[in-house]
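Features as listed in TrEMBL:
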COMPBIAS  612-627  compositional bias 'Basic and acidic residues'
COMPBIAS  633-662  compositional bias 'Polar residues'
DOMAIN    565-603  domain 'RING-type'
REGION    612-662  region 'Disordered'
TRANSMEM  74-99  transmembrane segment
TRANSMEM  106-127  transmembrane segment
TRANSMEM  147-168  transmembrane segment
TRANSMEM  180-201  transmembrane segment
TRANSMEM  207-229  transmembrane segment
TRANSMEM  297-323  transmembrane segment
TRANSMEM  343-362  transmembrane segment
TRANSMEM  374-396  transmembrane segment
TRANSMEM  408-430  transmembrane segment
TRANSMEM  437-464  transmembrane segment
TRANSMEM  484-507  transmembrane segment
Amino acid sequence: MSVRTRLLGLIDVLMRVPPLFVIDEILKIQMGLATSSMSSPVSTIVENVDNITVENRTDDMQRLVHEEIEFYKVISITTIKFFMCLLGCIVAACIFMLWTRHLVIVYKYILSVGLIFLSYWSNVSAINLIRENPNLLENILLDPGGIAFAIIPHSMAQWMMGAIFAYIHSGPRYDLIQKILPFSFLMPLILASLPFMPRALVKHSPAFAAILPLVLSKIALWSSSFDVIKTIFNGYQHAKNFATSFGLSALVENEWQRLNVPCVLRAFWIIRLCEELVTLVMSSEVPLAFMATIQSLLVSGCETVTAVLGMTSIVSLICHYVGKLFQLFLMSEDYDEDKSIGTVSAILFYILALQTGLTSLSPDKRFIRLCRNLCLLVTALLHFLHNIVAPLLMSLSAARNPSRKRHVRALTVCLFLLVAPVFLLSILWSRHTPSTWLLAVTAFSVEVIVKVLVSLATYTLFLLDARRQTFWEKLDDYVYYIRAFGNSVEFCFGIFLFFNGAWILLFESGGAIRALMMCIHAYFNIWCEARAGWAVFMKRRTAVHKISSLPEATTEQLVAFEDVCAICYQEMTSAKITRCKHYFHGVCLRKWLYVQDRCPLCHEIIMNPDPKQGEKCPEEQPADERPAPIADQSASTSSADRPNTSADASIERTLNSSVNHL
């Protein structure tokens, strides 16, 4: 990417930041809904109604009517403020979503209007300075460093503002007007410098000087009003057609990339943080303490919804680079998982902020809640890191990878994933009393430890199998039992976290978002997992029952057969005999029965000798309708293709649970 492209991208990002500041300031004043000012008239009216007596009924009723009028005035003003703030948010959001060329036009118009008011203010200040020294020429001759030194910068600034306005304004560009514009900005200073000028004319000259630029700006605004409506309509039509053709999610993703939302939010939050830091430094009379400053910046960095979005983008970036760092350490190339870490971390952090009402808390409580949310995010990040290292461990053990460096790095990450939760829990339990939040962090951390231990146990079994000279028939049973234990523990923790969240919902802090997340958690992480686990258990049980009904090959039969298993190409010390007189390992045949009930070699039905009604026997089927023969497999199939019911789904399940459990 060239420097010019990077520079244009940076400018595009910075141009989209000001609308976010407008929305942020509107949210700071709570959309104009000043609850404290509204509560006092209501309470006063209620109190006066209770205090009405028979003796002074007339005076009290008049006072009550007057207070009712004041109350309705407050309601009316608050309603107007709310709709004005709502309109401001809508306009700022529309400006934020404009194309870059339209943004340039908007900022040129805003800058031109700003130059008019800045010129007016500068002219008024200079004229007030001149009025204090009525003999201007005499003062210039006698005291060159006095008033003349103060007027010259004003004159230069007015000329520069006039030249800039003439260059950027969107009004009519006639040659005569373009030449007059710089002099119109300078006219008040020229009139004030001339002797014997009427004071009233000099006083009102800044307003007269602003008439021509304002007229040009008005003409530009009215002439472009049709273009504004046309742009909004075209944008709506584009969004509608895109959503109809490709779907709403594709539209959101396309606009997300076009607007470069994460970078804009990061720039907004960093600028906002710097502004808060400068305000703290300028307002403090004593040196600032480091921790107190950090606490104040973090609290102010999540006081509005837009600020929380900015902090979310920063958290997402940090988690993304943490995942990238671990992938570089592991020498892994799974870039999809790296991208998902940043995305899901951002979703998790923002949902936690909304779920806990972070923006509505007092500063002290907000800081405590933010720290707790970050602790939950750290535990979720440990789950994401396990999802990176677990498939790598399985591939290293199954592929008989001789690179010790990769094995050592993967085991080092596993050691870190075992030590980090223990260290975190020891700190939290030593400094906090037991609570529902602490129990959730503990359950989530212990779940990480169990998952790492399960991965290490499976990795160890595969390594032992790779160093054996004979086929290990019990390996798949051991792997199944270990993974079943891990999945059972994870399921139990899911149930525990559901009841923990229900307690929080009922007795601590309820809310629609928390209730919705509880329902999502109950469905996806409890009901769907229980149903899937039960289906796997019943499928395995059925396969075991079918295998046990097949006859076991004797030693004499195996010696006479003198061949390898047609599924795994390994020697057979024990085997099962199918109805079609083919020999297979019992474990291999059981895994085959997970897929279909036909023999891998001749495609006869293995168990059921009677075909179903309407179904042809395999011998009666045409050759092109029979199932295709099994593909050739290498000798390493036995170790590489172990049944892993949660290998590919583990990442998705953990990402969902990290959002829903918390």
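Sequential numbering from 1, following the chain as shown.
Note: Cβ is positioned from N, Cα and C throughout, glycine not excepted.
Note that this is a predicted model, so its numbers are computed, not measured.
At the 8 Å Cβ cutoff, the transmembrane segment (297-323) and the transmembrane segment (180-201) share fewer than 3 close pairs (sequence separation 6 or more) and do not count as touching. Counting only same-chain residues 6+ beyond the ends of the transmembrane segment (207-229), those with a CB under 8 A from a CB of the stretch are 105, 109, 112-113, 115-117, 119-120, 123, 165, 169-172, 177, 180-181, 184-185, 187-188.
Residues 326, 329-331, 375, 378-379, 382, 385-386, 388-389, 392-393, 396, 438, 441-442, 445-446, 448-449, 452-453, 455-456 of the same chain sit 6 or more residues outside the transmembrane segment (408-430) yet have a Cβ under 8 Å from a Cβ within it. Of the candidate ranges 106-127, 147-168, 374-396, 437-464, 147-168 contributes the most Cβ pairs within a distance under 8 Å of the transmembrane segment (180-201).
Of the candidate ranges 106-127, 147-168, 374-396, 374-396 has the most C-beta pairs within less than 8 angstroms of the transmembrane segment (437-464). Looking only at the domain 'RING-type' (565-603), the predicted model's pLDDT averages out at 83. The residues of the domain 'RING-type' (565-603), classed with DSSP into helix (H, G, I), strand (E, B) and coil, number 8 helix, 6 strand, 25 coil.
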